[in-house]
Amino acid sequence: MSSILSRYPEAETPVHGYFYSMVELAVVRVFVQHEIFDAIADDGTSIEELATKTGMEMNLLERLSNFLIASKVLSSPKPGFIGLPAETKMFQQRRAKLFYSHIFDAFMGSAVKWPQYLQTNGLAEPQKSNRSPFGLGAGYPDKSFYDVLDMMPERAQAFNSTMAIGLGDMPITGIYDFSWVTAHAGTDPKRTLIVDVGGGKGQAIKAIIEETPSIPASACVLQDLPNVIKDTPEEDGILRKVQKVGSSFFDKQSTRGALVYYIRRVLNDWPDDECVTILKNIREACASDSRLLISENLLPDEPSVSLAAADLWMMNFAGKRRNVRMFNDLASRSGFEISSIAKDKMSNSAVIEMLPVQS
């Protein structure tokens with residue numbers, strides 16, 4: 001707790017420090033939303049001029065600014081003026097504004113409901129996607145994250161805008177060697193080589209084929225919900241050749257006996273029981289020599305602050321970051337066994353290869 005006291009030296013106790021931190025988070029959110037930081041000149045701006053520029057009542061602006069000046073988020077070059085320290089200037093950048101707003105709205109709006117959520121649902125991690133802290137915080141306690149976004153277009157737009165800037169994106173290629181798939185390309189021309197399950201608009205399958213061009217695109221299948229599949233860019237030469245199937249991974253797998261079932265950044269979003277449903281649907285479609293490849297962030301046994309925070313972020317939506325033991329549990333419950341794990345050297349990304357257990 002010493003870190004919170006060093007952040008706010010006048011805090012009498014850690015509790016006071018956490019209170020000051022909450023105040024700072026909320027005031028910064030208001031400043032970001034109303035572009036107050038953007039209106040502050042490099043050499044400082046008077047509170048009166050800033051109120052005129054932003055349309056905020058001067059009394060409110062002064063009260064909010066007083067705290068940010070006291071906490072060193074803002075500076076005061078002279079009485080009645082506000083300045084921007086170098087580190088705060090990042091809030092003039094679109095990327096930082098989008099990300100901060102997203103994590104504040106999605107995380108804090110959910111986290112304040114944790115006590116109520118756990119009181120109602122028991123002291124356990126979310127068991128169902130339609131029983132999540134996010135849904136409770138948004139006013140829809142029986143809806144999943146994606147259901148809530150469907151009902152709240154503004155939040156969906158903010159979410160999509162933040163995701164579009166690629167914060168913390170994980171690599172697709174360079175982790176797992178797909179060259180072995182090439183050897184099977186000519187043995188059975190009718191066999192599907194790779195099924196990209198829940199593959200969105202085809203970013204991953206395209207990257208895999210570009211990395212290993214000897215894999216014929218026509219022997220690959222892109223699967224996602226019909227409304228996602230219809231937006232796949234047909235002008236792309238590779239994706240034009242890939243077969244498209246509109247389906248849900250919660251339904252029976254329609255492509256049977258494929259060599260590889262590839263699923264990237266999907267299981268991360270769902271609780272264990274629903275992941276088992278997804279994997280069992282794949283297992284039921286597997287041939288004896290099929291392989292399942294799961295591309296996800298792999299949680300170390302002793303995660304850093306950032307990784308542990310990311311896991312709790314996912315908990316808000318009933319999702320979960322998993323370590324090797326957790327993936328082993330999913331495998332054994334779904335009729336698979338882990339055969340290898342390929343890890344990215346520069347991140348926590350990994351491709352977990354599983355084989356169907358033969359009865």
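Placement of Cβ uses the backbone N, Cα and C atoms for every residue, glycine included.
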Which one of ASP177, ASP224, ASP289 goes with GLY198, GLY199, SER248, PHE249, ARG264, ARG265 at the S-adenosyl-L-methionine site, as Swiss-Prot has it?
ASP224
Three-state secondary structure of ASP224 (S-adenosyl-L-methionine binding site) from DSSP?
strand
Which residues of the same chain, at least 6 positions away in sequence, have a Cβ lying under 8 Å from the Cβ of GLY199 (S-adenosyl-L-methionine binding site)?
ILE205, LEU222, GLN223, ASP224, TYR262, ARG264
For ARG265 (S-adenosyl-L-methionine binding site), what is the secondary structure by DSSP, using just helix, strand and coil?
coil
Give the residue from the binding-site residues ARG264, ARG265 that has the most other Cβ atoms within 10 Å of its Cβ, counting over every protein chain displayed.
ARG264
